[in-house]
């Protein structure tokens, strides 16, 4: 009895949504073109970081080789982007990674993904709103901050902000009102601001190549000494590297690439438009790939121009572009850069706010969050309640809280979503070409089929069928789960025991070699299984290699987070599990459908019994 109850409970946690190939019906308005999705992706990804990040990384980590950092970071990010693109072509819904997890690995993982996406978008919105407020305040001489500091102070360091940011509050509420007007209106504003941002960045890149000097990529120690002697008469070269194009060596490039990786986060907002894109199976993959390519060109071009205009060690880490234009004698250009920065912050803010209610709506429609969040406006066809609720929460966060310590928490949610999407692509590529059934139906079907199919060594490495079967699909499912565990263990070892590995400690080197051997062997089993041949507008190439590399990169970056960040993540997940086990698991649409099916079955049984009784009595 207890075993059956536990079995039913476990089945609830892994029950999956039906995989619907095609667009299907939606209550939202299909009004977004491919251009709208590209603008949304570029605007969300190409935020204020392009105006700040290049200076910080070039000065302290990579020097002129920052261009290679952005190339490495782009290649790492594009792995996750390709996985999102395939799912956008295969499962065009509004839930992004939440929906992809639900149709592949089950309800509990889907809730975990969606819950963390909500946190990421809320923190992202609030932090960008405060950055917008700070940038505007800086333009007008810091009058806003000085006035508020002199009248209202919040004396709770590391929890509340130094002062309440009324400007950030008003900005988030204003953009919430814009989102309420409909997806087409917000898409138009995004296109305008993204276009202005790209024009400013084009001016920066062209100006940099005109005014730049190639000698700034070939600096020597003599140049460093000359600079130091002009400043204070000393020659401390430790912080400047060893000269040349790669002054900090390969290690500097890798450290810089890890920082630059976060510059490409944001494209996943395109995946939340599956129910509003006119042709999602084509537009979502194209939008993701094109937007990532544009962002790479922008980052690559700006970092090249910046390091050509002035020596990297003279860059100002907080405002590199204005300082670079002052260095080459183009002082008025700093105002154009300021306008571009505000446009970038505006599109980044919209890019964080747009997907937030879509994820809430998708989860509420499935019953995992409160159903009221799934209410859609009859005129604008947007999730009205989810939009208002998410906007108010983000505005409140921007108004009161110090968000510096929460940015890493936002990164965990994003990286977890990227990892799960990569795993889901790996699993779904090898599943039979059929709609996913409920857990109970699938288990019955599998038991019948597996009686005919037996797991042998030949089935692992030389399967007979050229198309996926239930057995080959289950093999890939188990192997993918094992690979996820092994990759996590590998990342833990590489993070916590770096020193003994570098020194060649035979114990830890053996451990790493064994883990890599197991990963290669299990990957070989997956590689030998037949793939699903359903035609899609886009498919990830080199499966299973690329999804596995994507998982490794994302998990490794997650392991770099501090213990405090993981503690906050644990608290957030406890709140989420309280909602899921207290509400979602009972109100899930899968649960409701099961309860609706049972009475019908019982009614048919009663009718049959009554009919039989009547026959006997006659």
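Just so you know, the numbers here start at 1 and follow the chain as drawn.
Just so it is clear, glycine is given a Cβ too, placed from its N, Cα and C backbone atoms.
Positions annotated as N-linked glycosylation site by Swiss-Prot: 232.
According to Swiss-Prot, the phosphothreonine annotation covers 605, on the basis of similarity to another entry.
The feature phosphoserine is assigned by Swiss-Prot to 617, with similarity to another entry given as support.
Annotation comment: Swiss-Prot describes 1-36 (among others) as topological domain 'Cytoplasmic', evidence class sequence analysis. Cβ atoms under 8 Å from those of the topological domain 'Cytoplasmic' (1-36) belong to residues 90-92, 94, 99, 102-108, 110, 182-184, 187, 190-191, 273, 275-283, 286-287, 290, 366, 376, 380-383, 428, 435-440, 443, 534, 585, 588, 590-591 of the same chain, restricted to positions at least 6 beyond its ends.
Residues 69, 239, 248, 252, 255-256, 259, 303, 306-307, 312-313, 315, 317, 320 of the same chain lie 6 or more positions beyond the ends of the topological domain 'Extracellular' (58-61) yet place their CB under 8 Å from a CB of it. The topological domain 'Extracellular' annotation in Swiss-Prot covers 58-61 (among others) and is backed by sequence analysis.
On the 0 to 100 pLDDT scale, the model's mean across the topological domain 'Cytoplasmic' (83-107) is 88. Per Swiss-Prot, the feature topological domain 'Cytoplasmic' maps to 83-107 (among others); the stated evidence is sequence analysis.
What Swiss-Prot lists as topological domain 'Extracellular' is 129-162 (among others), and the listing cites sequence analysis. Listed as Cβ neighbours of the topological domain 'Extracellular' (129-162) (distance under 8 Å, sequence separation of 6 or more from its ends, same chain) are residues 48, 168-169, 171-172, 338, 341-342, 345-346, 349, 394-395, 398, 400-403, 405.
Mapped onto DSSP classes, the topological domain 'Cytoplasmic' (184-191) shows 8 helix, 0 strand, 0 coil. According to Swiss-Prot, the topological domain 'Cytoplasmic' annotation covers 184-191 (among others).
The topological domain 'Extracellular' annotation in Swiss-Prot covers 213-244 (among others).
Sequence annotations record features per position, and here Swiss-Prot assigns topological domain 'Cytoplasmic' to 357-380 (among others). A Cβ distance under 8 Å defines the sequence-distant neighbours of the topological domain 'Cytoplasmic' (357-380), meaning residues of its chain 6+ beyond its ends; these are 17, 27-29, 93-96, 98-99, 102, 107, 110-111, 114, 117-118, 121, 179-182, 272-273, 275, 386-387, 389-391, 579-580, 583-584, 587-589, 591-592.
Listed as Cβ neighbours of the topological domain 'Extracellular' (402-406) (distance under 8 Å, sequence separation of 6 or more from its ends, same chain) are residues 123, 126-127, 130, 157-162, 564, 568. Residues or ranges marked as topological domain 'Extracellular' by Swiss-Prot on the basis of sequence analysis: 402-406 (among others).
The topological domain 'Cytoplasmic' feature in Swiss-Prot is assigned to 428-474 (among others).
A Cβ distance under 8 Å defines the sequence-distant neighbours of the topological domain 'Cytoplasmic' (528-539), meaning residues of its chain 6+ beyond its ends; these are 21, 82, 85-86, 88-90, 281-282, 285-286, 289, 428-433, 460-463, 465-469, 472, 475-476. Look at Swiss-Prot and you will find 528-539 (among others) tagged as topological domain 'Cytoplasmic'.
Mapped onto DSSP classes, the topological domain 'Extracellular' (561-568) shows 6 helix, 0 strand, 2 coil. The annotation topological domain 'Extracellular' is assigned in Swiss-Prot to 561-568 (among others) on the grounds of sequence analysis.
The topological domain 'Cytoplasmic' annotation in Swiss-Prot covers 590-618 (among others), and the record cites sequence analysis as its basis.
Within the same chain, residues 405-406, 408-409, 411-412 sit at least 6 positions outside the topological domain 'Extracellular' (561-568) and bring their C-beta atoms closer than 8 Å to a C-beta of that stretch. Remote same-chain partners of the topological domain 'Cytoplasmic' (83-107), defined as residues 6 or more beyond its termini with a Cβ less than 8 Å from a stretch Cβ, comprise 12-24, 26, 28, 113-114, 117, 267-277, 280-282, 284-285, 288-289, 355, 358-359, 361-363, 366, 368, 417-418, 420-425, 427-428, 436, 534, 536-540, 546-547, 550, 585, 588, 590.
Long-range contacts of the topological domain 'Cytoplasmic' (184-191) within its own chain (CB-CB distance under 8 A, at least 6 residues past either end) are made by residues 29, 31-32, 35-36, 39-40, 43, 178, 347, 350-351, 354.
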